[in-house]
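This report concerns only the one structure given below.
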């Protein structure tokens with residue numbers, strides 16, 4: 001068997017596998033690589049950089065969608081809307097820090113009432129709480 005591909009004679013050629021499939025990712029590694037090359041971020045782009053960046057983007061998207069899905073379920077909805085994304089991001093410390101300067105259209109604000117604006121406890125309820 002000199003030269004040629006090893007294996008059974010006459011077997012069909014192995015189907016090509018995308019870099020996303022090789023890395024076990026859903027997001028497109030080839031597209032991210034193309035965007036890195038065309039974006040003039042550097043003269044040369046290594047072969048591992050787009051795979052790593054794609055994995056990071058996929059992880060962030062999955063994290064945000066999971067939290068937004070939980071927010072939608074808490075509001076008894078089956079469809080994620082921008083409000084659910086806003087609630088998910090702003091209630092998570094790390095995502096809020098990462099996306100602190102981002103404005104989400106139709107996201108609204110977090111429900112928050114300042115302590116001074118809440119009604120004061122009456123004398124009757126204050127005594128009852130002290131006795132307990």
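Every residue gets a Cβ built from N, Cα and C, even glycine.
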Annotated residue, N5-methylglutamine, per Swiss-Prot; candidates 86, 106: 106
Listed residues 77, 120, 124, with the one flagged N6-malonyllysine by Swiss-Prot: 120
Length of the line joining the Cα atoms of residue 120 (site 'Not ubiquitinated') and residue 106 (N5-methylglutamine), in Å: 33
Around the Cβ of residue 106 (N5-methylglutamine), the count of other Cβ atoms that are within 10 Å: 9
All-chain count of other Cβ atoms within 10 Å of residue 120 (site 'Not ubiquitinated'): 8
